[in-house]
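As recorded in TrEMBL, the features of this protein are as follows:
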type	residues	note
TRANSMEM	34-57	transmembrane segment
TRANSMEM	226-247	transmembrane segment
TRANSMEM	254-271	transmembrane segment
TRANSMEM	306-327	transmembrane segment
TRANSMEM	347-375	transmembrane segment
TRANSMEM	454-486	transmembrane segment
TRANSMEM	507-529	transmembrane segment
TRANSMEM	569-592	transmembrane segment
TRANSMEM	604-628	transmembrane segment
TRANSMEM	648-681	transmembrane segment
Amino acid sequence: MGGTAGVPEERGRKPAKYDPSFRGPIRNRSCTDIICCVLFFVFILGYIAVGILAWVYGDPKQVLYPRNSTGAYCGIGENKEKPYLLYFNIFSCVLNTNIIAIAQNGLTCPTPQVCVSSCPTVPWTVEPSQFSQTVEQVFAANRKFCLPGVPGNMQVLQSLQKELCPSFLLPSTPALGRCFPWTNSTVPELPGISNTSISQSISGIFDSLNARDISVKIFEDFAQSWYWILVALGVALVLSLLFILLLRLVAGPLVFVLIIGVLGVLAYGIYHCWEEYRVLRDKGASISQLGFTTNLSAYRNVQETWLAALIILAVLEGILLLMLIFLRQRICIAIALLKEASRAVGYIMSTMFYPLVTFALLLVCIAYWAIIALYPLPTWLTLPEYVFWAPNSSLPGCEKVSMNTSCNPMTEGNKLCSHDRQEQVNSSCPGLMCVFQGYRSTGLAQRSLFNLQIYAVLGLFWTINWVLALGQCVLAGAFVSFYWAFHKPRDIPIFPLGSAFLRTLRYHTGSLAFGALILTLVQIARVILEYIDHKLRGAQNPLTRCILCCFKCCLWCLEKFIKFLNRNAYIMIAIYGKNFCVSAKNAFMLLMRNIVRVVVLDKVTDLLLFFGKLLVVGGVGVLSFFFFTGRIPGLGKNFENPQLNYYWLPIMVSILGAYLIASGFFSVFGMCVDTLFLCFLEDLERNDGSADRPYYMSKSLLKILGKKNKGTPGDKKRKK
């Protein structure tokens with residue numbers, strides 16, 4: 001019942017003849033998917049041009065300095081003595097926009113802003129009885145918080161309606177060049193906004209942006225413990241490497257111990273559910289007495305809950321036992337492939353450190369995109385719109401001014417410049433001002449900026465997926481060289497990893513770009529769907545939420561399938577050098593003809609690698625905890641335990657670093673297992689054990705399958 005040893009040949013497919021010179025991937029290959037390769041290079045050139053455009057024409061001051069409502073920067077130029085930005089109504093920022101976007105670009109907050117020399121220190125509010133008074137009378141001590149140029153004889157009500165002066169001030173603290181209210185500020189009553197939500201918003205802003213003391217303490221902890229963190233990461237590296245190399249000795253016993261452990265956990269769960277069910281049955285606690293309730297914890301006290309859990313666990317236990325009995329041969333094949341993968345990694349140790357190359361390339365891709373995203377494009381693309389306004393346009397001197405037309409808020413003496421006519425306009429009109437109207441959201445410049453941002457995001461996804469595809473194909477090429485070497489390690493080529501890297505770049509850049517582009521389009525679709533879901537979350541009905549959830553689930557499944565298909569396609573590309581579509585089709589058909597073996601190997605590998613990650617991360621975490629908390633003494637006077645403010649910080653960093661290191665090592669091992677598995681299936685279909693077509697698999701695999709080689713490749717040559 002363990003399954004047939006061999007696999008029938010694909011209909012219409014002729015077995016490949018034995019080639020005595022074949023020692024790995026096909027060497028006589030040509031460039032594949034040339035059109036996609038050219039498209040990828042043209043896209044990269046455009047991506048570079050976008051980066052150059054952002055670098056040459058961008059304005060980094062948009063990130064370094066806040067801007068007021070006129071577009072002027074605080075802390076430099078004419079506002080050098082006014083380094084802080086005050087929001088008239090900061091709650092509109094908190095409740096309507098993303099505070100991180102505000103930190104990057106102050107002009108995204110829909111409220112007037114003014115540069116100030118210092119933030120308010122006491123609470124203050126305009127009383128309704130003061131509306132008929134003048135700005136000079138009411139804002140005598142707080143005139144600096146109004147927009148520049150507000151006439152002193154203007155009525156307070158008009159200044160508030162035109163948002164020229166703030167209606168209230170809160171005690172604030174500067175953070176990131178902006179005035180943010182204190183968490184214990186007395187908040188005035190605002191229409192439509194509760195004090196609770198405002199106080200919570202203030203607290204969140206203050207806690208996230210004004211944590212200078214905590215930051216200093218964290219920096220001190222890193223300065224005290226960084227070398228011990230490196231030691232912990234070194235331990236994680238050694239443990240990961242030892243675990244992989246020792247699998248050739250302990251893979252079989254370890255897999256069966258883990259399987260028995262899972263069976264034992266399920267058995268204990270069945271026993272526990274039975275005991276709980278028996279006790280509640282004797283008490284007569286039934287779900288009919290409880291009825292329907294939203295308190296889920298109440299269902300723990302009814303017998304039907306434990307009976308259902310008992311049945312589910314019993315079914316799982318039975319399925320696992322049946323799989324263990326009837327799929328034992330396939331489990332043995334999976335164990336033999338794991339041992340063979342451990343041997344392959346031992347012979348080609350350089351593959352274990354290839355993730356460093358992938359990490360460096362990913363860092364370049366992300367850093368380049370971050371420069372484009374954080375190095376804003378020209379300021380004229382993001383300036384707000386302003387119009388002329390006067391308290392009384394019928395006064396002498398105002399008839400020459402076209403009210404509500406575009407204007408430039410930057411003044412020179414008593415003159416204003418009109419954007420529309422590009423001519424000087426006499427500002428003798430009493431109270432004439434260039435008033436903030438809104439933010440430019442349409443026009444060619446805005447559309448161009450949006451298109452460039454979309455282009456940059458597409459470039460980020462495509463380049464990252466291409467780098468990951470390159471790593472998979474290069475590793476597959478190296479491990480393919482190991483499998484198809486008949487006499488190991490004698491027939492393994494010199495520098496297989498370097499040869500695979502150069503071969504992949506030279507011939508298959510287009511195929512990798514093709515696979516990466518397909519995956520990128522699916523990921524972009526998922527991002528768009530998540531964005532739509534986020535924007536419509538407040539206005540959705542249950543049916544809409546259900547439809548969106550189904551779409552997101554389908555796209556998630558599609559992404560997982562494409563990743564699986566791409567991974568195996570890259571292995572076939574590494575072996576035979578065909579284009580992406582042919583390789584993907586051949587890999588998929590080969591796996592479908594061996595679907596049971598695929599499932600068994602995948603689950604056994606996942607179980608083993610999960611245990612390995614748990615061992616590495618758990619071991620490093622426990623050692624870090626005992627050391628940084630002082631339970632393990634240091635190594636003498638020069639290596640004492642560091643004195644820390646937050647001992648959990650280096651522990652968490654060590655655990656995170658150990659997880660990343662273990663994931664990097666085990667990803668190489670997983671790629672090795674997948675590559676050897678596809679080669680093993682190809683070996684079974686193409687060869688028969690004769691002298692002309694011998695099997696390349698290990699002796700342990702031959703023994704499990706009940707097969708043997710009737711001769712070696714040199715036997716026929718010697719007979720001749």
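Quick reminder: no glycine exception, Cβ is built from N, Cα and C everywhere.
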By a Cβ-Cβ criterion of under 8 Å, what residues six or more beyond either terminus of the transmembrane segment (306-327) are in contact with it? 1-3, 259, 262-263, 266-267, 269-270, 273-274, 276-277, 280, 596, 600
Across 226-247, 347-375, 454-486, 569-592, the most C-beta pairs under 8 Å with the transmembrane segment (507-529) come from 454-486
Out of 34-57, 254-271, 604-628, 648-681, what stretch is closest in contact terms to the transmembrane segment (226-247), meaning most Cβ pairs under 8 angstroms? 648-681
Do the transmembrane segment (648-681) and the transmembrane segment (569-592) come together with 3 or more C-beta pairs under 8 Å, pairs six or more apart in sequence? yes
Sort out for me which stretch, of 34-57, 254-271, 604-628, has the most Cβ pairs below 8 angstroms to the transmembrane segment (347-375). 34-57
Who are the long-range neighbours of the transmembrane segment (34-57) in its own chain, taking Cβ under 8 Å and residues 6 or more past its ends? 368, 371-372, 375-378, 452, 455-456, 459, 462-463, 466, 509-511, 513-514, 517, 580
